Amino acid sequence: MGDDARSYWDAFVAWLRALFFGREMEIVVIGLQNAGKTSFIDALSGGTFEEDMIPTVGFNVRRLRRDGVSVKTWDLGGQERFRGTWERYCRGVDCVVYVVDAAAKELFETARNELHGLLKRETLREIPLLVLGNKSDLESAVRVQDVVEAMELKRATGREVCCYNVSCKNSTNIDVCLKWLTAHAK
């Protein structure tokens, strides 16, 4: 079979899988205010980047469909007054996505403390964690290894943990994140 025929066949098989064996997943996207949570969901859905995003108050729920997977997303506000509600929305999800502003080193300690305060909850045990160092397009953004160390991800045991640097502005690594997320769909 030639390369063109093989790619058509692969596309046809993928279409049949999606049609008859569609998968679903539910994720929660959390992080401190202005980290880029809503921008990440917009990028996942193929939307355009908005420079002046209005902060999420409370939560937003969106459904999107990508690569044969229906994804229900919970976008939670990152202001201090909303962080106490994060656990409630994290219960029973397929994955927790924690967004960190990779260019705001002054917020790393708070981001790390909030993350580990949440991860120690029994209700979140074994839920996979995807940490995103967003705003990698900015000159002041740190490397992904620096995000891993700053968030002390080696302490996040008993679950699968992955970390990528992303830019929601120019869609850097959004496809890699989508692939990782859809691998965890039911």
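Cβ atoms here come from the backbone N, Cα and C positions, even for glycine.
The GTP binding site annotation in TrEMBL covers GLY31, LEU32, GLN33, ASN34, ALA35, GLY36, LYS37, THR38, GLY78, ASN134, LYS135, SER136, ASP137. Annotation source TrEMBL lists Mg(2+) binding site at THR38, THR56.
On the structure: features taken from TrEMBL.
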residue : record              : DSSP class
GLY31   : GTP binding site    : coil
LYS37   : GTP binding site    : helix
THR56   : Mg(2+) binding site : coil
GLY78   : GTP binding site    : coil
LYS135  : GTP binding site    : coil
| remark: Taking all protein chains shown into account, the Cβ-based neighbour count within 10 Å for GLY31 (GTP binding site) is 25
| message | I need the most crowded of these binding-site residues: LYS37, LYS135. Count other C-beta atoms within 10 angstroms of each C-beta and give me the top one. | response | LYS37
| query | Can you tell which of the binding-site residues (GLN33, THR38, THR56) has the fewest other C-beta atoms within 10 angstroms of its C-beta? | reply | GLN33
| Given the GTP binding site residues GLY31, LEU32, GLN33, ASN34, ALA35, GLY36, LYS37, THR38, GLY78, ASN134, LYS135, SER136, ASP137 in the record, what is the largest Cα to Cα distance, rounded to whole Å? | 22
| query | Can you count the other CB atoms that lie within 10 A of the CB of ALA35 (GTP binding site)? | reply | 25
| request: Please report how many Å separate the Cα atom of THR56 (Mg(2+) binding site) from that of GLY78 (GTP binding site), as a whole number. | output: 8
| What is the separation, in Å, between the Cα atoms of THR38 (Mg(2+) binding site) and ASP137 (GTP binding site)? | 17
| Long-range same-chain neighbours of ASP137 (GTP binding site), Cβ under 8 Å, sequence gap at least 6? | SER167, LYS169, ASN170, THR172
| remark: Around the Cβ of GLY78 (GTP binding site), other Cβ atoms within 10 Å, all chains included, total 24
